[in-house]
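Quick notes on the structure that follows.
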Amino acid sequence: MAAVAHSVPYSIDARARDLIPKSKVLLVGAGGIGCEVLKNLALSGFRDIEIIDLDTIDVSNLNRQFLFRKEHVGKPKAVVARESILAHNPNVKIKAYHDSILSSDYGLNFFKRFNLVLNALDNRTARNHVNRMCLAADIPLIESGTSGYSGQVELIKKGATQCYECQPKPPQKTFPGCTIRNTPSEPVHCIVWSKHLFNQLFGEDDPDQDVSPDAEDPEAKINGENSVTESGNIKRLSTKQWTQDIEYDPEKLFNKFFSEDINYLLSMENLWKTRTPPKPLSWKDAAALVGDKTKKDENSVRVRDMEVWSIAKCAQVFADSVTTLKKEHANKDFLVWDKDDQPAMDFVAACANIRAYIFSIAQKSKFEIKSIAGNIIPAIATANAMIAGLVVLYAFRLLVEDYEKCPSIYLRQKSVHSKFILAADKQLTKANPVCYVCSPKPFVNVFVNVDKMTVKEFESEVLKNHLNMVAPDVVLDGKGVMVISSEEGETEVNNDKALSQLSIVDGSILKCDDFLQNYELTVAVNQYVPVEKDDPLFKVVANPEELKAKETQNGKENGATSSKDAESDEDDLMVVDEVAEDPQEGSSSKRRKLNNDSDDEDIVEVPL
């Protein structure tokens, strides 16, 4: 491709035309939307661009991420995207980072160097983080995403609009723990089980992701009494410890998870009265299930990713991935599962298909399993291009601080109800006055069993997973006790203590500070004991009105206790991100606006 220099289009506002070459832009994400946005920026006259993406190029990206070619598979997206643009326009200065935006290397001072930030992300954690960094740096952020034929572009600007976290997002989809462990009936159940198995063998310890058969399953009871499997004949050991003791022997692991544990499930006779019982599969028997014996190129993309593997191949892939992951684990405390890490993805694909075979469930190709495990919805290249175009058009307006002309805009499928495919809000959406991120004094109520939840669980589940902090420091207000420190090892002695052991009780106030995000949050602790089986382990309430409503409905909500033993009903829920919520190219934060026959008076249809 011949190198071409591009000037600022004359159709752009004269003020913006002068600012575009001088502006510094950060693009977060180099996927489907990111490639389109980067191309648009380079063609529009932007001269100083930085792009960051942790991902590497997969063959499944090539149909729509046009800056990448087959020879780029396995290389960093940000680096290749930069090279592809520079080959077309060498006059642009582009700096690429193959890294996570969550890294402490990209703190407040990093964000302050930019005139505006453009998000093209595919997960909520990173979006929340960039949202907070842009608020702290007071830099305008353009949030974008697509989901199939739908999409959205939204401006986030401190003091002018709501932030990404002002409105609660739809809850995660959950599956009962007993379904995942004992009675899977869909491919997704097997995939979730396999991801949990990965974490048990190689990841961070999490009791909620135990893949062992659940003897407390209510359906396994006989006349309400203990079933034969609860007699104590089978000794429960830590799966990770046992795995280390056998030195990750693939054959022993295979026989335990796919033969011995299945036989254990079969002894729960009540489970199989109305279901097809599973078929135990040993390592030796799996090797004989070779399927189609036609000779194929095992290294071809089609055979490796698009075809359903035979059980014999699944067993071999299982063994190979365990061996590789064992070596990686030897140098780290734990591994984190990533759909783009080949050994990790191979492990989950192999385990999911073996378990599906055992339970007479349809097996899937590695590509299909990756789509489910990675919460991917097939992306539409045209939708990405339209959204990316809107992103850069809004960038022109933001440079001249013309915020009122940047209402949220939504892409939707054309239907019999409307000939329009773009709809925009009539005005900017103002910030939620009780948002626990962007309000003047962020405050939230947390309902938790202070006698059961440990400090480590509070940090990982409440502060990091739910409230999206990265490196929190927590002090017990009024007593000056350091509960959690972001400095490694400083408060490690507190990790396994219950909150109440550190005098954190009903009514306590915690001052939380995330230095990396420049974010402070006051947390009011409320004693809460789950009563019903499906009750969550903790609750977070930011809106005082919502809190009042809860108290009216249930007088025991705040500081409630029950004579019923809470532990007797611990049928935990396995959590899986809703597939439609954070697809590969992002998703709309206001899905109601994408309804084709919506009569919402707050939006206006935009003719093309």
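Numbering starts at 1 and runs along the chain as displayed.
Positions of Cβ are set from backbone N, Cα and C atoms, glycine also.
Annotated features in TrEMBL:
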type	residues	note
BINDING	29-34, D53, 61-64, K77, 100-101, 122-127	ATP binding site
BINDING	C163, C166, C435, C438	Zn(2+) binding site
ACT_SITE	C178	active site, glycyl thioester intermediate
REGION	204-226	region 'Disordered'
DOMAIN	446-527	domain 'Ubiquitin/SUMO-activating enzyme ubiquitin-like'
REGION	548-608	region 'Disordered'
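Features as recorded by TrEMBL, highlighted on the structure.
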residue	record	Cβ contacts under 8 Å, 6 or more apart
G29	ATP binding site	I52, D53, N119, A120, L121, D122
N63	ATP binding site	A381
S100	ATP binding site	L54, A126
C163	Zn(2+) binding site	N131, L135, I156, A431, C435, V437, C438
C166	Zn(2+) binding site	T429, A431, N432, C435, V437, C438
Residues flanking the Zn(2+) site, with Cβ no more than 8 Å from the Cβ centroid of C163, C166, C435, C438 and excluding those residues themselves:
L135, Q162, Y164, E165, A431, N432, V437, S439
DSSP helix/strand/coil residue counts for the domain 'Ubiquitin/SUMO-activating enzyme ubiquitin-like' (446-527):
19 helix, 29 strand, 34 coil
Roughly how many Å separate the Cα of G32 (ATP binding site) from that of C178 (active site, glycyl thioester intermediate), to the nearest whole number?
37
About how far apart, in whole Å, are the alpha carbons (Cα) of N123 (ATP binding site) and the residue listed as 'active site, glycyl thioester intermediate'?
28
Local confidence of the prediction over the domain 'Ubiquitin/SUMO-activating enzyme ubiquitin-like' (446-527), expressed as mean pLDDT:
93
Number of other Cβ atoms within 10 Å of the Cβ of C435 (Zn(2+) binding site) across all protein chains:
19
Which residue among the binding-site residues N123, C438 has the fewest other Cβ atoms within 10 Å of its Cβ, if you could check?
N123
Let me know how many other Cβ atoms fall within 10 Å of the Cβ of A126 (ATP binding site).
20
